[in-house]
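Q: Pulled these features from TrEMBL for this protein:
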- 26-44: compositional bias 'Polar residues' (COMPBIAS)
- 1-44: region 'Disordered' (REGION)
- 52-74: transmembrane segment (TRANSMEM)
- 86-106: transmembrane segment (TRANSMEM)
- 127-146: transmembrane segment (TRANSMEM)
- 152-173: transmembrane segment (TRANSMEM)
- 180-198: transmembrane segment (TRANSMEM)
- 213-234: transmembrane segment (TRANSMEM)
- 255-272: transmembrane segment (TRANSMEM)
- 292-317: transmembrane segment (TRANSMEM)
- 324-342: transmembrane segment (TRANSMEM)
- 348-368: transmembrane segment (TRANSMEM)
Amino acid sequence: MAGDDGSSAGAGGGRGRTEDEVQIQIAGQSKPETSSTNETAPQSSPAKHWHWWLMVILNIFFLIAGQTASTLLGRFYYNQGGNSKWMSTFVQTAGFPVLFIALYLFRSKSTQTSTTSPETSGTKITLIYIALGLIIAADDLMYSYGLLYLPVSTYSLICASQLAFNAVFSYFLNAQKFTALIFNSVVLLTFSAALLGVDEDSQGTNGLSHEKYILGFVLTLGASAAYSLILSLMQVTFEKVIKRETFSVVLNMQIYTALVATIASLIGLFASGEWKTLEGEMHAFGSGKLSYVMTLLWTAVSWQIASVGVVGLIFVVSSLFSNVISTLALPIIPVFAVIFFHDKMDGVKIIAMLMAIWGFISYGYQLYVNDKKVRKTSVSVEESS
């Protein structure tokens, strides 16, 4: 479990840290630079700077590509005759064993110590993993229903509201300040989702009734709120319970919560009786049985590629930045939905997309302002010392 992996957090403000003890900044601030005792800043800074930017760009690509591919493949599954909501839920986390590769490659080799007691790192953290995993399973199920009952473009734009929910939950759970820019972002993203909720041209698309459209809208909105709640609860867990935010600890959080969510999805698949329809679903799949298997396989892989991007951005920047980049991908998906699924992009959707992008920019600029203040404070502290 997480309590057994990762390097130790810095004990005491005056103590130096080795390169194996790099900390993850969870609260959305810039990561403090670390240096070896045998290296000077001028010698190591340029290489570290380019390496940092390379990691950021690579993880942004993983997140956006994985999220876009998984969403489009999920819609393709439904369009070709797939109808199992629990199977769609299952593949969102079933690829988690891929993360063990990253856990093995980046496991810290330093002496492992922990600020938490064995009891905390065992029973308490296990219960947290189970609770978060069950919430993730419910969240994935809501997303599956939303993707079934909504056009991809509408679904993606509603999902962008997760950034507004993130601001609200971060305010109450993570003590994040509610500035004018963040408030502006929340308002814009709320109105963007509301426009789609009342857009009559989007309702009844794909042969679905008005009632199913409303159900899809509500469940997608609920899933976006649940996703943001999950991120805030994870942040609280890192800060208040685990008290260590190393790469292996973050990976453990992803792996074990996904394990619980996958088991819950399997139970749902069998309890609902949907497993009985899977063989017939595969034979009736529009593009063939092989395509059916490959669609589910690559959907699972795509979700884990996105997860690697999420974890990577948490590691090199912050969880808040990771969520912002995740939201950035959402207005991009409607463009591909128009190309591949011929979704209708009417005036209301275009306005909603522009409002979502404006809300993202507003939120992103607030992060930039915060980062600039932190860097200025860090420079002042270094000069005074």
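Note: Cβ is positioned from N, Cα and C throughout, glycine not excepted.
Just so you know, TrEMBL annotations never went through curation; they're auto-generated.
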Q: So which residues does the transmembrane segment (348-368) touch in its own chain, when a touch means Cβ under 8 Å and the partner is 6 or more beyond its ends?
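A: Here the qualifying positions are 28, 153-154, 157, 160, 163-164, 167, 179, 181-182, 184-189, 191-193, 195-196, 199, 201-202, 320-321, 324, 327-328, 330-331, 334.
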Q: Checking distant contacts: for the transmembrane segment (213-234), what same-chain residues at least six beyond its ends satisfy Cβ-Cβ under 8 A?
A: 132, 135-136, 138-140, 142-143, 145-150, 154-155, 158-163, 165-166, 168-170, 173-174, 193, 196-197, 202-205, 253, 319, 323
Q: Counting a contact as 3 or more Cβ pairs under 8 Å, with residues at least 6 apart in sequence, do the transmembrane segment (152-173) and the transmembrane segment (86-106) touch?
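A: No; fewer than 3 Cβ pairs under 8 Å.
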Q: When you scan the chain for residues with a C-beta under 8 Å from the transmembrane segment (52-74), skipping those not six or more beyond its ends, what do you find?
A: 88, 92, 144, 147, 152, 155-156, 295, 298-299, 302-310, 312-313, 316-317, 322, 325-326, 328-330, 332-333, 336-337, 340-341
Q: Same chain only, please: residues at least 6 beyond the ends of the transmembrane segment (86-106) with a C-beta under 8 Å from a C-beta of the stretch. Say none if there are none.
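A: Cβ under 8 Å, 6 or more out: 5, 70, 74, 77-78, 136-137, 140-141, 143-144, 147-148, 247-248, 251-252, 254-255, 258-259, 261-262, 265-266, 268-269, 272, 274, 278, 296, 299-301, 303-304, 307-308, 311.
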